[in-house]
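Here's the feature list from TrEMBL:
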BINDING   10, 11, 12, 13, 14, 15, 16, 17, 18  ATP binding site
DOMAIN    6-218  domain 'Cytidylate kinase'
Ligand code: DC
């Protein structure tokens, strides 16, 4: 099968990463979680006491601690320089700060460059907020995943529990709404459905159903490319 790039965008906890990982595995593609890159800079800023408002300081962090991924049998590991940050970047203090950090143009510019390099030879499933609109505007397949806020909060609640992170459901819901608001109203590359993206509403659907639906879209697209 021809190797294409698959861009998956959507709001927080819409199921992007779960679905993207399965698709990448099934197609033998590289999976890139761009949210983890913004999270890594946010984590580093907290550790190194760089203010979220210090754009130049945040860019310095990107230059000093290169972000890399390592594929392992138990999933993808994320590194900032030599340090493994896979778990640390999922903590609530990072989650609640990441929208502020990711709003900076220079931070985005640097990370987008890295993301484009990863995808330059095709065969990538990349998820984020601006993949179809800014990172890979020529991606052959663009999906925009949505789900109700209640369902997304429920998913994040269960995901957190499975990682041993205790969170209050209502607080989680408010945080998701706040992050959606910040991500979709920022000036630089806001969360927005690309004109040529296909919207998939995952509310009430199982992961298997969502994967099936996207695979159908991918097959159609590839057929039309031939
Ligand atoms: O997908 P996630 O929840 O791990 O993403 C964390 C944050 O990173 C999200 O709130 C907004 C930001 N982000 C972004 O601005 N652009 C992307 N391509 C991916 C994530």
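The backbone N, Cα and C atoms fix where each Cβ goes, and this holds for glycine too.
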Near ligand 1, which of the binding-site residues 10, 12, 18 have CB less than 6 Å from any of its atoms?
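The qualifying binding-site residues are 12.
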Cβ within 8 Å of the ATP site centroid (10, 11, 12, 13, 14, 15, 16, 17, 18 excluded): which residues?
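Near the ATP site, beyond 10, 11, 12, 13, 14, 15, 16, 17, 18, sit 127, 145, 147, 152.
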When you measure from the Cβ of residue 18 (ATP binding site), which residues in the chain that are at least 6 apart have a Cβ under 8 Å away?
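In sequence order, 207 meet the Cβ cut-off.
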Suppose you look only at the domain 'Cytidylate kinase' (6-218); what would the mean pLDDT be?
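Per the prediction, mean pLDDT sits at 95 for the domain 'Cytidylate kinase' (6-218).
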Looking only at 10, 12, 14, 16, the binding-site residues on record, which one has the least crowded Cβ, with the fewest other Cβ atoms within 10 Å?
12
For residue 12 (ATP binding site), which of the three DSSP-derived states applies: helix, strand, or coil?
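Coil, per DSSP.
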